[in-house]
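Engineer: Supplied in structure tokens, the structure appears directly below.
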Amino acid sequence: MQRAALFRGGDAQMAAGDLGELLVPYMPTIRVPKSGDRVFKTECAFSYDSPDSEGGLYVCMNTFLGFGREHIERHYRKTGQCVYLHLKRHLRQKVPGASGGALPKRRNAKLFLDLEISSDLNSDDFEYEDEAKLVIFPDHYEISLPNIEELPALVTIACDALLSAKSPYRKQEPDSWEEELQASKHAKTLVQLDNGVRIPPSGWKCSRCDLRENLWLNLSDGSVLCGKWFFDGSGGNGHALEHYRDTGYPLAVKLGTITPDGADVYSFDEEEPVLDPHIAKHLAHFGIDMLQMQVTDNGLRDNDIKPRVSEWEVIQEAGVKLKPMYGPGYTGMKNLGNSCYLNAVMQAIFSIPEFQRAYVGNLPRIFDYSPLDPTQDFNTQMAKLGHGLLSGQYSKPPMKSELIEQVMKEEHKPQHNGISPRMFKAFISKGHPEFSSNRQQDAQEFFLHLINLVERNPVGSENPSDVFRFLVEERTQCCQSRKVRYTDRVDYIMQLPVAMEAATNKDELIAYELKRREAEAARRPLPELVRAKIPFSACLQAFSEPSNVEDFWSSALQAKSAGVKTSRFASFPEYLVVQIKKFTFGLDWIPKKLDVSIDMPDFLDITHLRARGLQPGEEELPDIAPPIVIPDDPKALDIDESSVMQLAEMGFPLEACRKAVYYTGNLGAEVAFNWIIAHMEEPDFAEPLVIPAFGEVASSGAAALGAVGLDNQPPEEMVAIIISMGFQRNVAVQALKATNNNLERALEWIFSHPDPEEESDPALDTMDMENNANANILAETGSEGPRIKDGPGRYELFGFISHMGTSTMSGHYVCHLRKEGRWVIYNDLRVCASERPPKDLGYIYFYHRIPS
């Protein structure tokens, strides 16, 4: 302890001598970060502690991992690493000046950590100050920094490198979500002309041409002009850029992207997309209210005199004073830039007791047995997220003195409440072309992606995803022979179609559409929205009705015939997830959303949808595969040109589209689109399609369908296609072998053989159940079959996820959950008691089984 005291203010020369002597044994364990090393100096690997936290953050000088005060001892015991860099950020009140205002304090290197500064902070009253120390375990010797003269050169270099290291979430790829946009240098001092321009809510057109798409609003003078191919790939005549060259006005916002969360802003001067921290003020200058999306006129909002009917208002419960909620289970999550889909799904997931027990209940064991790099372990990151949401440690109400301060002043001292799921998102989206991007995603697809990872990373004896799994019985009937085939498959989501034809307010919808078109043509404000009202019973009826099977091959007739298919529940899950299929594709192949209101029930009984199996008098279809047809000229194989053009219109190279349609066996544009997403990084992606002769082994760049390897294994290209549809690798291999590598027949074989034999190679199972839009996921099928939790088909609603916006490619997600007898809204960081839960506008609903 005497030596420790020297470091805290004893004789300087003695301290210098002790420093050299003390650090010598640890020099081999101290590394200087190299290019490619990730330095986690903003977040603990096991918790959401940061330099802002009370105990600060300890960064290992060997692995560069960060640890909070509660977890640093665990890492020391596990690794024996003794030297850590302790980082702490302090928030201090500025010293008042003579005039009564705050006088900024002058300190050297006051801010040297690569951390966010809270936008809630009133910088006129408060300032940040960063502090760094070297800490040596187990005796907690502290060496304040900077201490250049006393420290060995290697230690000084290592400390400087750690302090200057960039965020580990920033990557070089331009489409990576971690490549965070930077604030524009023009945002703070942007000049806006007082020219009286007001922007209408719709009916926009380029002021220099007739284009009505890809339009940009110049934030200086309010000009609306068309863009070019840059930034989002859309077409245009480049008039927005020409306007900048003529005027020098640097910032523009893309119309149609403005939401309460922000907007797409481009800086012509900086030649890149940027952030505008003052975007709300800049838009308000032209009469645009970001939250309400209504035009303002003379300070009076349309919302002040009209009922709130837009999605954004109703779902977020705008206009209602909501009471903030704090404590365990009421922790918000920061939006990392279009990551609200992840936030909403994870809030719902960790409201389920089975997931709480699996990850938070097993937290000590998971952490103790985590690998040396816990940032790359799924169960560790799930346990960390669950603890962050449920512990209440990051959701604390303001103190009474701070409440008084908030009442007296509009500004308030930031509370640092909520968690930022950067590490979780970086891991869970790793290698996924969509979730690793900064684009908005479909919450339903992310839910299935999460279930896939849970399945592949079991924790404990029971897998928490078992509560969602159920069996679907599919009955396919040949309309000519009347014979049937029954197959079972595993599913995780009940997908309900929207029965638009059953709308109860058709007359109002027709009248509204006429008024809307007239208003757009005359560039007048749109009429008050009329939303289609759909009975839930009609959607349930549509789900249970037979559907046509395209290109059905009847084994009874040995030919193609008309076929119909019906689906029923072979088992009912513990938790029923219901997706309303609001999203469809427009003529331009862009996903669009049906803006409907469905009277979702609080109590749901689907007992009548229980499967019954083969009925007396029914005759089964023979188990015969269709004949393999080999074309005389394989190069003349017909390619569905309509699918090719649908993909090409989305901006993909024509040759890549032809290859996608060919390699997916003309199964449609949607399947081919999945192939494109999986192969667009390959070097020969856009090269012309080369179809090898039958039996010829294709080149490694593009393995052909029908090509058989020397080891009699199916072509890897075909295996990858089936895996991309959500099936296990061993299932894909067996199906292709059984059907002589006929892709279409292999899919039919899978559905007619729900219990394939397991292959012996465990490495073949590492990419199962991925990218499955329809949740037709086959679970592991040992001798006992897939794990299911069957029971009664009666359920009670406990949560729902809602989407605002026109498609899955844009918009915003929020989650409503029923907790402790009342509804709560989770809107990213904002967690409040819900006053008007919009149960009729949800997208994904969560029901739990009512015990019998």
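Using N, Cα and C of the backbone, Cβ positions are placed for all residues, glycine too.
Note: TrEMBL annotation is automatic and uncurated.
Below, the features straight out of TrEMBL:
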DOMAIN    182-290  domain 'UBP-type'
BINDING   CYS206, CYS209, CYS226, HIS239  Zn(2+) binding site
DOMAIN    331-850  domain 'USP'
ACT_SITE  CYS340  active site, nucleophile
DOMAIN    638-679  domain 'UBA'
DOMAIN    713-753  domain 'UBA'
ACT_SITE  HIS812  active site, proton acceptor
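Surface or core, plus neighbours and distances: that's what I need for these features.
Structural biologist: A C-beta separation below 8 Å, combined with a sequence spacing of at least six in one chain, links CYS209 (Zn(2+) binding site) to CYS226, ASN237, HIS239.
Helix, strand and coil counts under DSSP for the domain 'UBA' (638-679) come to 29 helix, 0 strand, 13 coil.
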Engineer: Any idea what the model's mean pLDDT is for the domain 'UBA' (713-753)?
Structural biologist: 72
Engineer: Quick one: DSSP breakdown of the domain 'UBP-type' (182-290) into helix, strand and coil?
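Structural biologist: The breakdown for the domain 'UBP-type' (182-290) reads 15 helix, 22 strand, 72 coil.
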Engineer: Validating a neighbour-count step here. Other CB atoms within 10 A of the CB of CYS340 (active site, nucleophile): how many?
Structural biologist: 27
Engineer: At a 10 A cut-off on CB-CB distances, which of the recorded positions HIS239, HIS812 has the highest count?
Structural biologist: HIS812
Engineer: Determine the most Cβ-crowded residue among the binding-site residues CYS206, CYS226, using a 10 Å radius around each Cβ and all protein chains in the structure.
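Structural biologist: Compared across CYS206, CYS226, the most Cβ atoms within 10 Å surround CYS226.
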Engineer: Calculate the distance in Å between the alpha carbons (Cα) of HIS812 (active site, proton acceptor) and CYS340 (active site, nucleophile), and round it to a whole number.
Structural biologist: 6
